[in-house]
Amino acid sequence: PGGYHKPSLFSSKDFSFTYEGDTSCTDENLERGNWANKTEYLLSMVGYAVGLGNVWRFPYLAYQNGGGAFLIPYTVMLALAGLPLFFMECSLGQFASLGPVSAWRMLPLFQGVGITMVILSTIVTIYYNVIISYALYYLFASFQKVLPWSECFSWADELCSKTQIVNDCNTTFNGEIVRANYSFVSANNLTCINGTISYKPVQFPSEQYWNKVTLQRSSGLDETGRIVWYLALCLLLAWIIVAAALYKGIKSSGKVVYFTALFPYVILIVLLVRGATLEGALDGIEFYIGTESNITKLLEAEVWKDAATQIFFSLSTAWGGLVALSSYNKFHNNCYADAILICVTNCATSVFAGFAIFSILGHMAFVSQRPVSEVVDSGFDLAFVAYPEALSQLPVSPLWSFLFFFMLVLLGLDSQFAIVETLTTTIQDINPSIMKKLRGPITLGVCAVLFLCGLICVTQAGIYWVNLMDHFCAGWGLLFTGVLEIVGIMYIYGGKRFIEDIEMMIGKKSSAFWLWWKLCWYFITPVLLTVILVWSLTTFSNPTYGSIVYPAWGNTLGWCMIIFSVMWIPIVAIIKLLRAEGSFLQRLMTCCRPQANWGPYLERYRGERYSHMVDTKKKEQEIPTVSAILY
């Protein structure tokens, strides 16, 4: 009982990727369901962790922070900050078989942390699908013989050019040196004096296509404009795909990820092979991670902060998704081996993607006769400006463009599946019986509401809304929940108790086995996350998009979004204290102890440690929805 085994430091079971004691594909948890097999779970987790940031953020960070030298702090931060929190969340979800809100039965005072995770995930899923709709639009635009952003067509203005345009220069005219426009110099067959030429601030065709055609971008957040109809249709298509994949929950999404999680790797390999054969590819790779690497960058604190931040957000910790997806595991699944495998895969993908990106950007720099540093960018500018421009210069460019944007769509959808599953899992924990009967319609309803909320992001000011939500809701709020999560579990619930919970699932381990995890959970990881949180708050600035400054009401709205997300932490704590009985100290002690219904979901796994556990599932189903969350 309790799943205990003979203590060991490391054994083959520590890295077993099969369900212990149960190799069948039948569900052991008939009420919530389980993954059909281990592969579907691993692919779903890899798809969740490996997202757009691995392609459009990590390569740029590596280049900016010392190239190959950046891999040192990146690997260190994986071991110290990323992996410990990832393992903790996977273990929590699997042990309780509950989502990110209900799992806090272990520590009722901190249940607001789970609610904050779900709210932040809700906000992110609204604009994340908008980014997928951008990729879908470019995917469809690639079905043309000539890519529409390959040249300055009718939509372009006078600043559109693939080469530098001379503005003016010094020249000799009638025996005197004068400053003249280049049109005057050309008309009079004059020549510019070397070193005196100034160039116009030109824009690549891909940049103007992104702003003028794709986004139809307005002047700022104040100018909402109209809904861009083709982006709205792409957004609708993205939500239809998500709803269809999740219609039967993990039973359907688990089948979809065989394609959506694996095929991006095929495309990455194809893009890398093609890029490596191009002139200038080696220059791009040298800038990324080769001889241009700067080991002295490791002396800068900013580099280590960037590495820790990238690891934290890349692994999708503190969103609630890891808890939700792991909650559908069978009880004796080896979550320890899973955590290591998924984290290593995620980080290796980031590094590998950089080679595919920089090899083609190196070719673009070669063709345009510019340094690689002038064509490299990150985020939207990399995905929808720099890389499309580079692809347009390749033979059979529509094919490469199609593959690249198809990869972005798949990378985004995998993450989106997990985020929406986090929301539906929370609903399921509130009322499992209704969710079991009406999972499909409820999932459709959730997707429909989120689609309507996202329409503001496909107006002419849509990109400003996307940037605003990303700036405020995908930053320090997550770091805050991450710190509270690890402190609450290790210092209030109890690290020793949590480790014993894990051992009920993966077997008894020696004290030497847990030494590293204890060191990270008790001290290193919370300290690192706290330092990054404080740094993020002290360096926080109002959002901008390029040179566009947001209005005061936009910044206020951003603060309202993040405050609305985190305010549930103190609100729920106060509600819990008010509902408890006794003096304040007695109430506090009650709220810091696990609820009577905390423990393994299935009675046969509770053992002696949780033999006292009260089964309150039936009672919860009779309570109104809001109360059920806080019960």
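Cβ coordinates come from backbone N, Cα and C, glycine included.
As recorded in TrEMBL, the features of this protein are as follows:
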type: BINDING; residues: Gly47, Val50, Asn54, Ser314, Asn346, Leu411, Asp414, Ser415; note: Na(+) 1 binding site
type: BINDING; residues: Ala49; note: Na(+) 2 binding site
type: TRANSMEM; residues: 70-88; note: transmembrane segment
type: TRANSMEM; residues: 109-140; note: transmembrane segment
type: DISULFID; residues: Cys152-Cys160; note: disulfide bond
type: TRANSMEM; residues: 227-247; note: transmembrane segment
type: TRANSMEM; residues: 256-273; note: transmembrane segment
type: TRANSMEM; residues: 307-328; note: transmembrane segment
type: TRANSMEM; residues: 340-366; note: transmembrane segment
type: TRANSMEM; residues: 399-420; note: transmembrane segment
type: TRANSMEM; residues: 441-463; note: transmembrane segment
type: TRANSMEM; residues: 475-494; note: transmembrane segment
type: TRANSMEM; residues: 515-536; note: transmembrane segment
type: TRANSMEM; residues: 556-578; note: transmembrane segment
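Structural mapping of features recorded in TrEMBL.
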residue: Gly47; record: Na(+) 1 binding site; contacts (Cβ under 8 Å, 6+ apart): Val257, Thr260, Ala261, Asp414, Ser415, Phe417, Ala418
residue: Ala49; record: Na(+) 2 binding site; contacts (Cβ under 8 Å, 6+ apart): Ser314, Leu315, Ser316, Ile342, Cys343, Thr345, Asn346
residue: Val50; record: Na(+) 1 binding site; contacts (Cβ under 8 Å, 6+ apart): Ala261, Pro264, Thr345, Asn346, Thr349, Leu411, Asp414, Ser415
residue: Asn54; record: Na(+) 1 binding site; contacts (Cβ under 8 Å, 6+ apart): Ser314, Asn346, Thr349, Ser350, Ala353, Leu411
residue: Cys152; record: disulfide bond; contacts (Cβ under 8 Å, 6+ apart): Cys160, Ser161, Lys162, Pro205, Gln208
Paired segments the transmembrane segment (475-494) and the transmembrane segment (109-140) in contact, 3+ CB pairs under 8 A:
yes
Report, as numbers and ranges, every residue of the chain located at least six residues beyond the transmembrane segment (256-273) whose Cβ falls under 8 Å of a Cβ in that stretch; write 'none' if there are none.
39-40, 43-44, 46-47, 50, 245, 349, 352-353, 355-356, 359-360, 400, 403-404, 406-407, 410-411, 413-414, 417
Candidate ranges 109-140, 307-328, 340-366, 556-578 - greatest C-beta contact count to the transmembrane segment (70-88) (under 8 angstroms):
307-328
I need the neighbours of the Na(+) 1 site defined by Gly47, Val50, Asn54, Ser314, Asn346, Leu411, Asp414, Ser415. Which other residues of that chain put their C-beta within 8 angstroms of the C-beta centroid, in sequence order?
Val46, Tyr48, Ala49, Gly51, Leu52, Gly53, Ser316, Thr349
Beyond the flanks of the transmembrane segment (340-366) by at least 6 residues, Cβ under 8 Å:
15, 17, 42, 45-46, 49-50, 54-55, 58-59, 62-63, 71, 74-75, 78, 82-83, 86-87, 265, 268, 271-272, 274-276, 278-289, 311, 314-315, 372, 374-376, 382, 386-387, 389-391, 393-394
What residue among the recorded positions Cys160, Leu411 has the most other CB atoms lying within 10 A of its CB?
Leu411
What stretch in 109-140, 307-328, 399-420, 441-463 has the biggest tally of Cβ pairs under 8 Å against the transmembrane segment (556-578)?
109-140
Most Cβ pairs under 8 Å with the transmembrane segment (109-140), selected from 307-328, 399-420, 441-463:
399-420
Non-local residues, at least 6 beyond the ends, that sit with Cβ under 8 Å of the transmembrane segment (399-420):
44-48, 50-52, 54-55, 121, 124-125, 128-129, 131-132, 135-136, 138-139, 142-143, 147, 238, 241-242, 245-246, 253, 256-257, 259-261, 263-264, 267-268, 270-271, 274, 316, 319, 321, 324-325, 383, 387-388, 391-392, 443, 446-447, 450
Which residues of the chain, 6 or more past the ends of the transmembrane segment (441-463), have a CB below 8 A from one of its CBs?
122, 125-127, 129-130, 133, 215-218, 220-228, 231-232, 235-236, 239-240, 242-243, 246-247, 249, 380, 420, 423-424, 427, 434-435, 545
